[in-house]
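Colleague: Before anything else, here's the structure in question.
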């Protein structure tokens, strides 16, 4: 025990030496408030602001200093008058000034531990005569400490007080470091740690989509740990820090000007987050005012709702969003504080300086060349507004009182006064067993809900609740308006917020992308991007990804998804359809006229000599070719597609099979005559019909196999260069369609060959010449059609129209070259539609009278000479 006492005395000597030396270095009169009591509470308040240069202390801190100090005195008075809380026990105080500096606060706090070091156990020290040692100027024994205000101050003081097991309750220190019970195991606070505030600030930035911001922090635990917590919360929300600045303790104007210059180097970071002490915030706003720099400030409770911070610089702070711990005004304190004046407040040694500073007057004549203070000056609603943390100061004092009350009830059950067990307090027991377990309704709170409960969590922290304020101008006066609150979640009244430029500011590294653009993030930076337009056929999966809608689909107007494009095909009312349909109808009408004429004159020599059966088959094929136009114009469907594939090749096969049968018959007849052979076989009408049908059947079989192997159907086709158009087509390739005409091409070639071979037949066989003209013209049409068909493959309208017109032209060629001359003779030259017994040849000589091979056949054959040989010929006149 003696060893421990000597160690404490040695520590006191060391501390006292440093303390006295430090006081000797400064011309600053040490002031304090000492009020004796049964139990004494220490108090630490930033009564003076931080000094400049070599000065420790500056001007009087009117709100955070004087008001908070008086709030503690007010709470002590109320507790001492309370008959239920610590009845019979008088609380005293020992209040010191921290001058807003942690080092100065540590020096001052040595006063609190002096009593623990200098208290001498009377039983151990006795005089030679047996009397006890006399102790003079004994320091007040501190039961607990209320304070400090700044986190850096509380951290320094807590490190000292824990050595002597003195509990400490702060009313304003919010550094997250103070939640570490392994280091600050005698510290508690009525305010929440800063990581709640940091989370609230980050949620405000995310709410307004401010993803690229600058930060400024005060040097010290409050600013540094607060901004560190904010940066962690910002990263979780993909918010980037453009530049992170720090204001040192030098309090030099140049340092603040330098910070503003650095902030201006990031023009896209229009929002600046401040985690600063009040005096640092005021100096920074003043520096911004000097260069007329405009930012949107988002500030912590170090700024809060203090008008003194923006005084004289309101226009550069206009629109600022600030946070303040959720609290209610203590109306009883208002009445108490407004009743104070220098003439009735003698226990506060700083109150006279406060009065002179507030009213800009002097309580002594000719002091600082100020006018003498009017004795009628008073604190009232026109010059006073309650500081935001008064409630927390009162709650801190009451929390300590409740803990002492429970301890006194436990240790001294039979008395309302202090018993011997409490004369030497066990600080550890007071903190662990009583202080951390207090739970009471806040005094002077008009609301009796959950928000009025005062208690500590396991880390000694208060509950996290914040009000959100907006600096506004109303009627030429600047004031803070509450626009929201945060308690686990953010709630904002956006419509009531005023902005410096009348609209929500933007603070982003890159400009927002257009609705049709995606963000291409830059490596290592989640807030800077390059906007890349999506392709017209792409939609936005998210703001970073464009995705192809796929063939046949197109993005919606807002690019949030895709929809199926309407199918495009030729409509009957389209100009692309009207032309081919008109031509086909005209051709079909002409075909009907020819058929009608042939049927009406079915038994005339000309019709008989033309080979009626093959002519009717040929006319049917021509009619079918005209019908193909309607199939190609109609909306594609499985049935229509089957008819297209079946009808196109078959219609041509019918036409060219009939023509091939005719030309083959003529060629065989004349080849037989030239070779001196007898009448060729299979030249009768029925034989020719069967031959023709056989040739047609080959095409039908081929097409049928094709239809079986490749089932007809439709497909939605999109050209790569025209993704916005979906064409409804048959599920057959253009090349397959043309390959299916291979057999027809063979028929055309054979017809052309036979027509060429029989081109020099006698006049009465000049039908072969007309067949030749037909085939030559058909070849020209198809030779022109094929390149056009392939070249126009990108435009299905042109391709389809070309196909229809080409098919119709083939029909017109047959009608014009083969049937038009016959119809003309039948209708307009009937005198030529007779039987002749001798042929009149221009360059061929007749060798004998006509002799009929068969009188009963459809044609009468006579011997004539063709190129000097006797041949068979029909009996009709030349066409």
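Numbering starts at 1 and runs along the chain as displayed.
Note that Cβ sites are derived from N, Cα and C of the backbone, with glycine treated the same way.
So Swiss-Prot lists the following for this protein:
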type: SIGNAL; residues: 1-22; note: signal peptide
type: TOPO_DOM; residues: 23-576; note: topological domain 'Extracellular'
type: BINDING; residues: 68, 151, 172, 173, 174, 222, 301, 389; note: L-glutamate binding site
type: CARBOHYD; residues: 209; note: N-linked glycosylation site
type: CARBOHYD; residues: 292; note: N-linked glycosylation site
type: CARBOHYD; residues: 414; note: N-linked glycosylation site
type: CARBOHYD; residues: 439; note: N-linked glycosylation site
type: TRANSMEM; residues: 577-599; note: transmembrane segment
type: TOPO_DOM; residues: 600-613; note: topological domain 'Cytoplasmic'
type: TRANSMEM; residues: 614-634; note: transmembrane segment
type: TOPO_DOM; residues: 635-645; note: topological domain 'Extracellular'
type: TRANSMEM; residues: 646-664; note: transmembrane segment
type: TOPO_DOM; residues: 665-688; note: topological domain 'Cytoplasmic'
type: TRANSMEM; residues: 689-709; note: transmembrane segment
type: TOPO_DOM; residues: 710-734; note: topological domain 'Extracellular'
type: TRANSMEM; residues: 735-756; note: transmembrane segment
type: TOPO_DOM; residues: 757-769; note: topological domain 'Cytoplasmic'
type: TRANSMEM; residues: 770-792; note: transmembrane segment
type: TOPO_DOM; residues: 793-802; note: topological domain 'Extracellular'
type: TRANSMEM; residues: 803-828; note: transmembrane segment
type: TOPO_DOM; residues: 829-879; note: topological domain 'Cytoplasmic'
Colleague: What is the interatomic distance between the Cα atoms of residue 68 (L-glutamate binding site) and residue 414 (N-linked glycosylation site), given in whole Å?
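Modeller: Residue 68 (L-glutamate binding site) to residue 414 (N-linked glycosylation site), Cα-Cα distance: 36 Å.
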Colleague: Per-residue pLDDT averaged over the topological domain 'Cytoplasmic' (829-879) comes to what?
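Modeller: Its mean pLDDT is 42.
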Colleague: Per DSSP, residue 68 (L-glutamate binding site) is which: helix, strand or coil?
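Modeller: Reduced to three states, the DSSP call for residue 68 (L-glutamate binding site) is helix.
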Colleague: Record lists 68, 151, 172, 173, 174, 222, 301, 389 as binding L-glutamate; longest Cα-Cα distance in Å?
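Modeller: Max span of the L-glutamate binding residues, Cα based, is 19 Å.
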Colleague: Which residue, out of the recorded positions 173, 209, shows the minimum number of other Cβ atoms inside 10 Å of its Cβ in this structure?
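Modeller: Checked 173, 209; of these recorded positions, fewest Cβ neighbours within 10 Å: 209.
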Colleague: Sort the glycosylation sites 209, 414, 439 by C-alpha distance from residue 301 (L-glutamate binding site) and give me just the closest.
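Modeller: When the Cα distances are compared, 209 comes out closest.
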Colleague: Long-range neighbours only, meaning 6 or more apart in sequence with Cβ under 8 Å: which ones does residue 389 (L-glutamate binding site) have?
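Modeller: Listed in sequence order: 64, 68, 171, 172, 191, 325, 327.
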Colleague: Give residue numbers and ranges for long-range contacts of the transmembrane segment (577-599): same chain, 6 or more residues beyond its ends, CB-CB under 8 A.
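Modeller: Contacts of the transmembrane segment (577-599) (Cβ under 8 Å, skipping residues fewer than 6 from its ends): 570-571, 607, 612, 615-616, 619, 622-623, 626-627, 629-630, 632-633, 800-801, 804-805, 808, 811-812, 815, 819, 823, 826-827.
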Colleague: Rank aside, I only need the closest one: which of the glycosylation sites 209, 292, 414, 439 has its C-alpha nearest to that of residue 173 (L-glutamate binding site)?
Modeller: 439
Colleague: Express the distance between the Cα positions of residue 414 (N-linked glycosylation site) and residue 151 (L-glutamate binding site) as a whole number of Å.
Modeller: 41
Colleague: Compared by Cα position, which of the glycosylation sites 209, 292, 439 is the closest one to residue 174 (L-glutamate binding site)?
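Modeller: The answer is 439.
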Colleague: For residue 292 (N-linked glycosylation site), what residues in its own chain, 6 or more apart in sequence, show a Cβ-Cβ distance under 8 Å?
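Modeller: Counting only residues 6 or more apart in sequence, the Cβ neighbours of residue 292 (N-linked glycosylation site) under 8 Å are 316.
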Colleague: Which sequence positions outside the transmembrane segment (735-756), separated from its termini by at least 6 residues, show Cβ-Cβ distances below 8 Å to it?
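Modeller: Here the qualifying positions are 645, 648-649, 652-653, 656-657, 659-660, 663-664, 666-667, 695, 698-699, 702-703, 706, 710, 768-769, 771-772, 774-776, 778-779, 782, 786, 789.
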